[in-house]
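Heads up, the thing below is written out as structure tokens.
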Amino acid sequence: MGSLFCIITHKLNLTVGIIPSLNVAAGLLGFFFVKSWTGFLSTLGFSVRPFTRQENTVIQTCVVACYGLAFSGGFGSYLLAMDERTYQLIGVDYPGNRAEDVLNPGLGWMIGFLFVVSFLGLFSLVPLRKVMVMDYKLTYPSGTATAMLINSFHTNTGAELAGKQVSCLGKYLSISLSWSCFKWFFSGIGDSCGFDNFPSLGLALYKNTFYFDFSPTYVGCGLICPHIVNCSVLLGAIVSWGFLWPFISQHAGDWYPADLGSNDFKGLYGYKVFIAISLILGDGLYNLIKIISITVKEIWNNRTKQNNLPIIKEVLDSESSKLLMQQKKQDEIFLKDRIPSWVAASGYVGLAAISTATIPVLFPALKWYLVLSSYIIAPALAFCNSYGTGLTDWSLASTYGKIGLFIIASVVGGNGGVVAGLVACGVMMSIVSTAADLMQDFKTGYLTLSSAKSMFVSQLIGTAMGCVIAPLTFWLFWTAFDIGSPDGPYKAPYAVIFREMAILGVEGFSELPKHCLAICCGFFVAALVINLLRDVTPAKVSQFIPIPMAMAVPFYIGAYFAIDMFVGTVILFVWERMNRKGAEDFAGAVASGLICGDGIWTIPSAILSIFRINPPICMYFGPSLSR
């Protein structure tokens, strides 16, 4: 399961960069596999212990920790930003883009890097687990939802529904796998063949990337992601590819030289990347300030409540009494298997010492004292992110990573600042992301009556698996496909964006194309204003206001995946209107099946590509020729 979910995460990371939560699919498949195994053993006459919710929780935790590294490991962002393709794409003569700041992916150094940075986040907040889960009673919405799902599997009615959900997932997995296999036969050689380039909305719109590309993965993402996210992505596509890029293209020869290639940063390509960066940074900065302020306010409120609450005796009815007994049992089990604070502290200090000594050997540009400084401030940032995730379900790990990237890149300067900034981004992202994931899993364990020590050990095992499986599955993509090609399916959009951020940190804004800085400032302010409007307007209005971070993604990649995700959201919307209960029960299973089936096809498709076995047919569309 860890390998499958790593492959799915890599595919999404290297194509569009949007990764929906796969926790529900992990819990459901874990239940299915073990139930099938125990059922098989029972038919052979073996005595089998019942499969418990605690075991289900441990499996889910381990899988999520494993595939989490496929994202936080930077295989589609900061690690890939160091490679030669990204360096050449930005331009060998581009100021600040030096050939010395190139490091191509290698299995050895990637596995080593993940092992030295990925475990620190697990030890950083362990002593605060009681404070976060029991004292502050943070909700951790995803962790709570996963716990409720797992709890429901292990009831009679829930087990029956889970069986139907697994059957539904298997059905759509088979459909998705068969369709992906069928599509392959028509995809020919090159990047303009097959259903992935089907001008379903006409050739004029196809030129501006508006077409439905028949991708089960993106339709599945549309079924999982909230309606507002899918609509925001489509709106971003319409604003950028429908209006902004055609408008800027009309000024070719004035704003930028007209004879530049389509991927030259001094031309339209530069506008695409920098405006996307400005939206991402505006959204990230606003949410960072918002969540830190919410965190400080909540902590202050909790302290004043504890100091001012009068002592009263409350008369409880039978239902309240049951809930109180349940909570008491949860508290007792959660606190029973204590993880001593000295273990957490010594683990963090020891791993930080190893990492501080090792990272400068792997990346000489990042000096040991900069690594040590990162590890000193990281626990505070990890706490802010974990607390914010508990309140809002929004992890800002990539935003903290970008802050580290800018600071370290500017401190190191022109002599190695790009690589130093990218590595620092990885260090910060790994700690902040894994700490939030661990607290999310502690909440799941608390609600499923699972041992906290088991959850922690499961996270350790899952992280160790991820340190090996995530690079190996990435290597499958790296050797089989043309990763980073702006005209291919695996564009790796965030590799270019992260390298450009590092160059900006070193060089400043002097080399942007004409009027690009003014447009970027406009979109940066727009991101702040839109987020502010989402927070100050009533819920019935704010639910229709788009999310700038989601809008930014198609600015660089194209509109085709936005069409696919919108198709997914329309299907879900109609389904909810016709049969809300059915949609709530089975939409996640259908989406997971579509995503998993397409992800599984990646393996045989990569093997065929490695052996240079090409699809036999190129299905191509062009304008009809007049006689």
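Note: Cβ is positioned from N, Cα and C throughout, glycine not excepted.
Source: prediction; values computed, not measured.
Residues annotated as transmembrane segment in TrEMBL: 12-34 (among others).
Annotation source TrEMBL lists transmembrane segment at 107-128 (among others).
The annotation transmembrane segment is assigned in TrEMBL to 228-248 (among others).
Beyond the ends of the transmembrane segment (268-289), by six or more residues, the same chain brings 240, 244-245, 248-249, 252, 256, 260, 262, 394, 396, 398-400, 402-403, 486, 496-497, 500-501, 504, 512-513, 516, 519-521, 523-528, 531-532, 547-549, 551-553, 555-556 to within a C-beta distance below 8 angstroms of the stretch. Among the features that TrEMBL reports, transmembrane segment is placed at 268-289 (among others).
What TrEMBL records for 339-362 (among others) is transmembrane segment.
The feature transmembrane segment is assigned by TrEMBL to 368-387 (among others). Proximity of distant same-chain residues to the transmembrane segment (368-387), defined by a Cβ-Cβ separation under 8 Å and at least 6 residues beyond the stretch ends, is recorded for 120-121, 124-125, 128, 132, 136, 138, 291-292, 295, 298-299, 348, 352, 355-357, 359-360, 395-397, 400, 404, 408, 411-412, 420, 424, 427-428, 431-433, 435-436, 439.
Below 8 angstroms of C-beta separation, residues 64-65, 68, 71-74, 77-79, 81-82, 96-98, 101, 103, 113-114, 117-122, 124-126, 129, 132-133, 138, 140, 143, 355, 359, 363, 365-367, 370-371, 374-375, 378-379, 381-383, 385-386, 389-390, 395-398, 400-410, 412, 456, 459, 463, 498-499, 501-503, 505-506 of the same chain, each at least six residues beyond the ends of the transmembrane segment (418-439), sit close to that stretch. Under the heading transmembrane segment, TrEMBL lists 418-439 (among others).
Taken from TrEMBL, the feature transmembrane segment covers 460-480 (among others).
Residues annotated as transmembrane segment in TrEMBL: 516-533 (among others). Within its own chain, the transmembrane segment (516-533) is flanked in space by residues 270-271, 274-275, 277-279, 281-283, 285-287, 290, 509, 542, 545-546, 548, which lie at least six positions past its ends and keep a Cβ under 8 Å from the stretch.
TrEMBL lists 553-575 (among others) with the feature transmembrane segment.
Taking every recorded stretch in 107-128, 339-362, 553-575 and counting its Cβ pairs under 8 Å to the transmembrane segment (460-480), the highest total belongs to 107-128. Note: the stretches the transmembrane segment (107-128) and the transmembrane segment (339-362) are in contact (3+ CB pairs below 8 A, sequence gap of 6 or more). At the 8 Å Cβ cutoff, the transmembrane segment (12-34) and the transmembrane segment (339-362) share fewer than 3 close pairs (sequence separation 6 or more) and do not count as touching. Packing against the transmembrane segment (228-248) from elsewhere in the chain are residues 18, 208-210, 222, 255, 268, 271-272, 275, 543-544, 546-548, 550-555, 558-559, 561-563, 565-566, 568-569: each is 6 or more residues past its ends and has a CB under 8 Å from a CB in it.
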